[in-house]
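What follows is a short report on a single structure.
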Amino acid sequence: MSRLTAESVTLAYDQRVIAENLSVAIPDRSFTVIVGPNACGKSTLLRALARMLKPVAGSVLLDGAAIGSYPAKQVARTLGLLPQSSIAPDGITVGDLVARGRYPHQGLLRQWSREDERIVTESMAATGVDALADRHVDELSGGQRQRVWIAMALAQQTPLLLLDEPTTYLDIQHQIEVLDLCAQLHEEQGRTLVAVLHDLNHAARYATHLIAMRDGSVVAEGAPGDVVTAELVEQVFGLRCQVIDDPETGTPLVVPAARRARAGAALQK
Amino acid sequence: MSLSPRTVRAVRTVRTSGGLSLRVDARAALVVLLLLAVAAAASVALIATGDFPMSPADVLRTLAGGGTPAQDVVVHDLRLPRVLVGLLAGACLGLAGAVFQSVSRNPLGSPDVIGFGQGSAAGALVVIVLFHGDPFAVAAGAVAGGVVTGLAVYLLAWKKGINGYRLVLVGIGAAAVLTGLRDYLMTKADLVDATRSMIWMVGSLNGRDWEQVWPLLCAAAMLLPVVLGNGRALRMLEMGDDAAHALGVRAERTRLVVTACAVLLTAAATAAAGPVGFVALAAPQLARRLTRAPGPGLLAAAAMGATLLVGADWASQRLFGADKLPVGALTGMLGGCYLLWLLFTERKAGRV
């Protein structure tokens, strides 16, 4: 079952068509990761799924109805998004920022219920930023800050959560930390996660469902163990490689072919 | 990494059994109350000042209806409307400044920097110089000039949405064009019209009466609730369009509504008091430094605007004599110093 689907959508910025007749279904309770080379349309697809970009043709459906037909706040109670870049307002504390995730549940006369308070506390605990609650966001490290933004998205309490390149600009240790957190949210809280990731190996390790894109269309999708093969990597990324078992997790691990081997292959062609 | 002292904000929550809950930032609320108290004190002092001096006690008694007939005329017909125009125009400008600065994410995004004040001035001058209109027509010209400028800047800065930086740059361009137009009109004017234009352009509360109070009060009463109602969405917009959108804020619509309100507030204030400089620029920033709250403190900015304008008017009356120096000249001088200080501290913080 899929609560969130894209039905033969055409996505374009102004006149530039990024993807045509693209259909994708996000399996419920999956940790879906979208991969592909730069400019393949993966972030564009995520923006369309998050109703930030209106398809030129086709439609994005949430629970069977066009996502644009719901009131904005109602969608925000079902589907959360962690954008690639957000601005922390000057001088805001971690607790205040996370509390803003409750906005779609609040109104002019319902500004801060006990439930809001409980969920904000829980979200900070789940992301390990509860000890930072009174600190200013601008004095945190990149990894801490990303966890705060994730905490804000969690406080939104949406069954579906989309993440646009959540590991960009982080060093390796913090990348793993953020991905571990995502996996934990997926496993323990049963949320459906959709992330765009650059690193194929991270994708293969953490995803339960992988969507590989190239030039605006889906080349392959399924469990990483079935999808990530040497042929597919060459087809999608144009990179010769071996795929071996990850010694830690048994998931596919992509090892690019040595420079000489790749040069040799090019000569044979 | 340097650690700044932890500041825990005292946020009080009021909850009822019916599930209603209101959140009150204790410090911001205190700042608003204090500013209102200062504004009230300055108002009483301003009413007491002039060629017919009164004691504050006399003023209060007369306001309550217990003054002598002479005091009654001076307070109710002459000085009260002036103070009310000052309070309302200051509040409108402070609120409009807070909105523009929030929408443009730039402390320079204030109506007198991005052309709306100049637009109102050009509109008023067209009426004075080309049509020799009466004060009412001049006010209408100011409103029309401000609204047309607001619309033009918004449309010119539009490119799949409004970007704050572009809004400020387009606005500065518009301000330059309108200043040129204003200077051209001045050269066309005869001496009487030119003098009238000059006086109008500085921005003054001299001789304001109830005819200016009512339209301004109506505008404020209609627009203030709309802006405050969008305050929470505006707060979300400060995190960027994507983040706001994800939280269910209709970014472009919110921005359009509050910008339109701010343009109208500026135009209404300018029509009543002339283009009083720098109140809109300085009030939100000063209010923010007092509340230390993140996000646009809309009420605090409005209270600060009212306090600044009435306080400046009282100061100019005390320092330079009754009706000698228009209040706009004083706010301009103070505001200019403030702007320099702002640029200096922003440069030190590495943001400019």
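Glycine is treated like the rest: Cβ placed from N, Cα and C.
What you see is a predicted model, and the numbers here were worked out from it, not measured in a lab.
Listed in TrEMBL:
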type: TRANSMEM; residues: B:28-48; note: transmembrane segment
type: TRANSMEM; residues: B:83-101; note: transmembrane segment
type: TRANSMEM; residues: B:113-131; note: transmembrane segment
type: TRANSMEM; residues: B:137-157; note: transmembrane segment
type: TRANSMEM; residues: B:164-181; note: transmembrane segment
type: TRANSMEM; residues: B:213-235; note: transmembrane segment
type: TRANSMEM; residues: B:256-283; note: transmembrane segment
type: TRANSMEM; residues: B:295-315; note: transmembrane segment
type: TRANSMEM; residues: B:327-344; note: transmembrane segment
Do at least three C-beta pairs under 8 angstroms join the transmembrane segment (B:137-157) to the transmembrane segment (B:256-283), pairs 6 or more apart in sequence?
yes
The transmembrane segment (B:83-101) in contact with the transmembrane segment (B:213-235), cutoff 8 A, at least 3 CB pairs, sep 6+:
yes
Top Cβ-contact partner of the transmembrane segment (B:113-131) among B:28-48, B:256-283, B:295-315, B:327-344 (pairs under 8 Å):
B:256-283
Stretch of maximal Cβ-Cβ contact with the transmembrane segment (B:28-48) [cut-off: under 8 Å; candidates B:213-235, B:256-283, B:295-315, B:327-344]:
B:295-315
Is the transmembrane segment (B:295-315) in contact with the transmembrane segment (B:213-235), using three or more Cβ pairs under 8 angstroms as the rule and ignoring pairs under 6 apart in sequence?
yes
Same-chain residues at least 6 beyond the ends of the transmembrane segment (B:295-315) whose Cβ lies under 8 Å from its Cβ atoms:
28, 31-32, 35-36, 38-39, 42-43, 45-46, 49, 82-83, 86-95, 97-99, 101-102, 205, 224, 227-228, 231, 234-235, 238, 273, 276, 279-280, 282-284, 286-288, 327, 330-331, 334
